[in-house]
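Per TrEMBL, the features are as follows:
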type: TRANSMEM; residues: B:44-73; note: transmembrane segment
type: TRANSMEM; residues: B:85-104; note: transmembrane segment
type: TRANSMEM; residues: B:110-132; note: transmembrane segment
type: TRANSMEM; residues: B:144-163; note: transmembrane segment
type: TRANSMEM; residues: B:203-224; note: transmembrane segment
type: TRANSMEM; residues: B:229-248; note: transmembrane segment
type: TRANSMEM; residues: B:260-278; note: transmembrane segment
type: TRANSMEM; residues: B:283-303; note: transmembrane segment
type: TRANSMEM; residues: B:309-329; note: transmembrane segment
type: SITE; residues: B:T313; note: site 'Important for channel permeability'
Amino acid sequence: MRLSLNGRMPEWAERADRHQATAFVDSCLRGVGMVIFLDNPVTGILILVGLLVASPWLCVATLVGVASATLAARLLRLDVRTIRTGAYGYNGALVGAALGTFLLPVWSLPVFACIVLASAISPVVMVAVSAVTARLLDLPALTFPFNFVAIPSLLATFSIVHIHHSPLLAIHAAQKIETGLRATEGVTPQADPGVIVGAIFRGIGQVFLADDVVSGILIVAGLFVASRVVALFAVIGSVAGMLCGLALGGDGVAVYHGLWGYNSVLSSAALGGVFLVLRFRTAIYAVACAAATAVLYAAMVFVGSRFGVPALTLPFCIATVVFLLVPWATTSIRRVPLAEVSTPEERLRIGS
Amino acid sequence: MRLSLNGRMPEWAERADRHQATAFVDSCLRGVGMVIFLDNPVTGILILVGLLVASPWLCVATLVGVASATLAARLLRLDVRTIRTGAYGYNGALVGAALGTFLLPVWSLPVFACIVLASAISPVVMVAVSAVTARLLDLPALTFPFNFVAIPSLLATFSIVHIHHSPLLAIHAAQKIETGLRATEGVTPQADPGVIVGAIFRGIGQVFLADDVVSGILIVAGLFVASRVVALFAVIGSVAGMLCGLALGGDGVAVYHGLWGYNSVLSSAALGGVFLVLRFRTAIYAVACAAATAVLYAAMVFVGSRFGVPALTLPFCIATVVFLLVPWATTSIRRVPLAEVSTPEERLRIGS
Amino acid sequence: MRLSLNGRMPEWAERADRHQATAFVDSCLRGVGMVIFLDNPVTGILILVGLLVASPWLCVATLVGVASATLAARLLRLDVRTIRTGAYGYNGALVGAALGTFLLPVWSLPVFACIVLASAISPVVMVAVSAVTARLLDLPALTFPFNFVAIPSLLATFSIVHIHHSPLLAIHAAQKIETGLRATEGVTPQADPGVIVGAIFRGIGQVFLADDVVSGILIVAGLFVASRVVALFAVIGSVAGMLCGLALGGDGVAVYHGLWGYNSVLSSAALGGVFLVLRFRTAIYAVACAAATAVLYAAMVFVGSRFGVPALTLPFCIATVVFLLVPWATTSIRRVPLAEVSTPEERLRIGS
């Protein structure tokens, strides 16, 4: 029997369930994929390879995060079937990636301990967020739990001295904004097609804090395996975010490194088929949300800079929740009931 | 048949419905009135004349905002009867007024485009806010959507260079506060009755960002046409906010220009008859809320100044929601069910 | 008949109900105890004695706050039985303590008026918070109302000149953090057992803003009278918070004065028996929450310092609400239904 890599790979999940260890590894890999809504272990593997290309430490920090979160969910005796989809792991994966990126020194025991502990709290926050979003509003928790764990963790480093944060976290006074695309401050701007395409894929990589073109390409490949539609909307979102950055006159270094894109990647993928029933007007709506996300990113990056912390994926979470609430008041855009969320392809096949 | 200008003018609404264009204009005018809870096109016209007196650009920006929001609500196929009351337009009107006031240069295409786009998002945010306030708590959305659109839009201008904000938006270091009423920093304070009365009407004008005594008078006239009670409570609120500013020792320039008043205007009008059943004790309660709103204004203006943005109407929204939740736990103050909200006079007539 | 001082003292409540005045005093005393979840007037008296030892003004400010809030709840005709438990008073007690601590000058009429008015608003905010937490989520309001009244009140002092705040409220630039335990900046650090034990009891005193070891001991005694379990978890929480401060490298002056502890005291007491069914794993869970609370304290103290305000008990409220939502998704931790909340001992006796 040949295993299909498509969709959620339920046959493989059954096989993996035969051994506790393979089931745990499978849950973790699915957790990595679930960051971009895809409950598929092959997607998870391709993403992890992408992170490895960008930085081995980033890959390990992500793995430690997802494993710690998944283990904590087991210890809390949360629903086993939900744990198997990676739903309690994906926020831990991002907590690992973010703390691994913004805390120093890399490969150190204190940072390792921070990642383990902070990620282990993420399933607790996931349940709490879901108790509001899912129970009261039938909405997904998105990556709110990641933000609610990682942002306070990063803020706390300003009150303590035994954990150090990277110089990336700094309280900025007035910022000098130059719009030319360039890799670092003080170099000549470039706007050739290679840089533009690079910014699009870096935007996808930045979802996992991987500032690397190849990472972005491997992540898109991972999405493509499970869902062509999600892969397409991820790319569309990155393009939309980048174009907003250029049109509004965002800082060229930020645009170059995909920072205007990663939140829009997630918004676009969320609305373009995962949580909304896909039609032509949904696609327009997803792009509108990706653009609104980019503006919200500009606002929150400024607010964050006053406290020395990044916006992480809060702009995506807020904009997407807002746009997902609209189907309550219109029949022109239809939501997929939370319990039936799957890949767009699976839904199209069963004719929803 | 003579048309009554009183209340919600349902006969006129029916006539306007005969043509799409008049229905659209009527919806927009009602949207302007709905900022102060009055679904009445004549109220809307008088308010717009008031804005025109203060500044033609402010009037046009408000009109563009309300039209863009109303159109977007149509395109999203939101409920047509709700659109006709102006409920999807009023936040757009304020987004237009606020972006027109705080973005530069006036009458420019980029600012015009910002107003159109930001206002068009406001019905989306309106549905999202209502999904929480109205569905879960039976509370009105108030002007939360306006704040949730305008504040991020203004914050975003600090991260970009192609849209410019007015010098009114500046990050303040320590502020020197002088309490004498005066028009600008560095002039001799005045406290004659004219200045006091001026501050009261400017406070009403400032609801629409119109810093002008005549605007305030015309707005009160507009309210008076549809509801004497709402007009009265608007004035009471402005007085209460100004007195709090004087009593607590707020900055005299801010008090002079009605900035201590406009949030209290809205709180007082909201509680004094619109969303609560009017009795003597409700009036006391409305004044208490207006005073609490003024303190909250002082707090939020300080927080906003650390990010270079104004408090807009968030103090009103927060204080009013808090005070509107109290009827859940007491029979001494009764709420008007959200579906029956109308003018106080109409309610008194039908004997609620 | 000998009165038992244990638990909620229902026999005494019945006796106190015979006279309006004794009922009112009893309600106020219970309000003081309810700050640490114990509806017991003797607990309230011992806490007040503790505050008196620390500072007569702090004790009076707390009393004025709880009396003003209880009276306001009566005027609003809120549920009399709920008022009698102190549930509408405890936030007022803390508002009094906080404004008494952070506003100047002490014993002055303006500050006295601020305490009366701000505390009187606290039952309004209590109802509003409960309308969300209790009605929608079956969760307690905790001290959210205190924070939502006191933090804006303190922020507002930066926009006005007639009410002065203490130099304790100051906007900090970069903070120099030294970890050695010491009473003030610039003295030699001490880490003898006395200082450590002192920090633990100061942490308990700081729940009521009493920076005093004897206050902390008297408060623990007060808790012990009504519930041995709550007293124990309060001490455990203070230890956990202090150890987090030492382990993470928090400022030694803050740790010395119990500032790392007071939020953890409340989180630990809330989870260790009051709102969760007590078992061994609940105790572990309570300690985990106390540690998470300490990290959140570090984050929020930093955010607050950018606006010149303290974190008050927001870290406790947020962490505890998050941890209290987890029982929705697991059977391994069980919540006490809100209507049945009592002391752990009473629940163990009736065999819940």
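Cβ atoms are placed via backbone N, Cα and C, with glycine included.
Automated prediction, rather than curation, is the source of TrEMBL annotations.
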Per the Cβ filter (under 8 Å) with a sequence gap of at least 6 from its ends, the transmembrane segment (B:110-132) is approached by 61, 64-66, 68-69, 71-73, 76, 78, 87-88, 91-93, 95-96, 99-100, 103-104, 141, 144-146, 148-150, 153, 162-163
Under a three-state DSSP reduction, the secondary structure at B:T313 (site 'Important for channel permeability') is coil
If you count CB pairs under 8 A between the transmembrane segment (B:144-163) and each of B:85-104, B:203-224, B:229-248, B:260-278, the winner is B:85-104
Row B:T313 (site 'Important for channel permeability'), column other C-beta within 10 angstroms, all chains, value 27
For the transmembrane segment (B:203-224), the candidate among B:44-73, B:85-104, B:283-303 having the most Cβ pairs under 8 Å is B:44-73
Residues outside the transmembrane segment (B:44-73) whose C-beta sits under 8 Å from one of its C-beta atoms, at least 6 past its ends, are 24, 27-33, 35, 83, 86, 88-97, 99-101, 106-107, 112, 115-117, 119-124, 205, 208-212, 214-219, 221-222, 225
